[in-house]
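J.: I grabbed these lines from Swiss-Prot:
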TRANSMEM  17-37  transmembrane segment
TRANSMEM  54-74  transmembrane segment
TRANSMEM  91-111  transmembrane segment
TRANSMEM  140-160  transmembrane segment
TRANSMEM  173-193  transmembrane segment
TRANSMEM  212-232  transmembrane segment
TRANSMEM  240-260  transmembrane segment
TRANSMEM  274-294  transmembrane segment
TRANSMEM  311-331  transmembrane segment
TRANSMEM  338-358  transmembrane segment
Amino acid sequence: MSSVPAPREYFLDSIRAWLMLLGIPFHISLIYSTHSWHVNSAAPSWWLTLFNDFIHAFRMQVFFVISGYFSYMLFLRYPLKHWWKVRVERVGIPMLTAIPLLTLPQFILLQYVKEKTENWPTLSAYEKYNTLAWELISHLWFLLVLVILTTVSIGIFTWFQKRQETSKPRPAAISLAKLSLIFFLLGVAYAAIRRIIFIVYPAILSDGMFNFIVMQTLFYVPFFILGALAFIHPDLKARFTTPSRGCTLGAAVAFIAYLLNQRYGSGDAWMYETESVITMVMGLWMVNVVFSLGHRLLNFQSARVTYFVNASLFIYLVHHPLTLFFGAYITPHISSNLIGFLCGLIFVMGIALILYEIHLRIPLLKFLFSGKPPVKRESRATIG
């Protein structure tokens, strides 16, 4: 436990908030993309598909690196049990709150929009369970993964801390090239695990809870650990905050490979395994691209930025049902994909900000959507 707080990393706070808020244009562009979603426009847009694919190819990898960085920073600051309790509450309470208040109404809405209400009674018990798992967790999956990673990392972080206490500080003797090789091998290992599961028991890959708890956690744990290592080794963080032409070019090539795999790959062949390798290394390279840009452009304190940093989780939680409502009832009346996309951004962001301001004025909702208990203010005793 450290009594000396680490200096505030404004650029990491800002990047994390921007990555969260990118979920809004990501899901709105999904409506207008060639990808099949809950709701789609009459005619897809190639450039919105490209935009959607680009965000999807790297956003969450970078997010989990930042999560690992801050998680380990707080791990050093608080006792173990308090750290785990606070971290789980901060993500677990908003997730559990959003299920009955957001994703359950969203599920009911989609049942009517997609005219599936009559089919529900005909589903088996497992089909109902699995449908609810996918639909109720929905866009909250990363919160579930964060709870799991926080719990799993107890042993890993404790080991890191003991090594720090018993070993002399020394630079992390690893280059971005070596890291790229490591993450390439991790991508291959993940692809091999998925292929083995596909051969042995393919049905389990369609199970919602297995996907969230096992497959998503396995994929993102290297990025979470990388974030912790970046906090331990300042020189490693410096590699990410220093622009690298190799990482930029590598990310561009990886994205082209990602698009080609999307276009020509087959789900019955090696499409998903290939994608895991590509997005594993692209995620690493985009950490450098995003961190270096963020360090240059966002490393300052601003009341406006702080507002959106604090609001980003709430906005992300409520944007998904708002996006689906827009796609189901407003998109069909807008013929232009560009105008529809821009209207969607204004509609979703505007209502989300209004809801955010309303929830700030209701203490119970403020607690439920943040996981932060209200701060107790001690009254001043009168002297005299």
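Quick reminder: no glycine exception, Cβ is built from N, Cα and C everywhere.
Could you place the listed features in the three-dimensional structure?
T.: Long-range Cβ contacts of the transmembrane segment (91-111) within its own chain (Cβ-Cβ under 8 Å, at least 6 residues beyond either end) map to 38, 117, 120, 132, 135-140, 143-144, 146-147, 150, 313, 317-318, 320-321, 324-325, 328, 367-371.
Sequence-distant contacts of the transmembrane segment (173-193) (same chain, six or more residues past either end, CB-CB distance under 8 Å): 218-219, 222, 226, 236, 239, 244, 246-247, 250, 272-274, 276-281, 283-285, 288.
Tertiary proximity for the transmembrane segment (240-260) is limited to same-chain residues at least six positions away from its ends with a CB under 8 Å from its CB atoms, namely 50, 53-54, 57-58, 176-177, 180, 230, 275, 278-279, 281-282, 284-289, 291-293, 295.
Within its own chain, the transmembrane segment (274-294) is flanked in space by residues 11-12, 14-15, 57-58, 61-62, 65, 176, 179-180, 183-184, 186-188, 190-191, 194, 219, 222-223, 226, 237, 239-244, 247-248, 250-251, 254-255, 257-258, 261-262, 265, which lie at least six positions past its ends and keep a Cβ under 8 Å from the stretch.
Here the transmembrane segment (311-331) has long-range neighbours at 16-17, 20-21, 23-24, 27-28, 31, 37-41, 94, 98, 102-103, 105-106, 109-110, 113, 138-140, 340, 343-344, 347-349, 351-353, 355-356, 359, 369-370, meaning same-chain residues at least 6 beyond its ends whose C-beta is under 8 angstroms from one of its own.
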J.: Given a Cβ distance threshold of under 8 angstroms, which distant residues of the chain, six or more beyond its ends, lie next to the transmembrane segment (338-358)?
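T.: Non-local partners: 24-25, 28-29, 31-32, 41, 45, 48, 311, 314-315, 318-319, 322-323, 326-327, 330-331, 365.
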J.: Between 17-37, 54-74, 140-160, who has the most Cβ pairs under 8 Å to the transmembrane segment (212-232)?
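T.: Maximum Cβ contact count belongs to 54-74.
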J.: Excluding the flanking five residues on each side, which residues at least 6 beyond the ends of the transmembrane segment (54-74) place their CB within less than 8 Å of a CB in that stretch?
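T.: Long-range Cβ neighbours of the transmembrane segment (54-74): 6, 9, 12, 15-16, 19-20, 22-23, 25-26, 29, 83, 86-87, 142, 145-146, 149-150, 153, 157, 160, 220, 223-228, 230-232, 237, 251, 254-255, 258, 278-280, 282-284, 286-287, 290-291.
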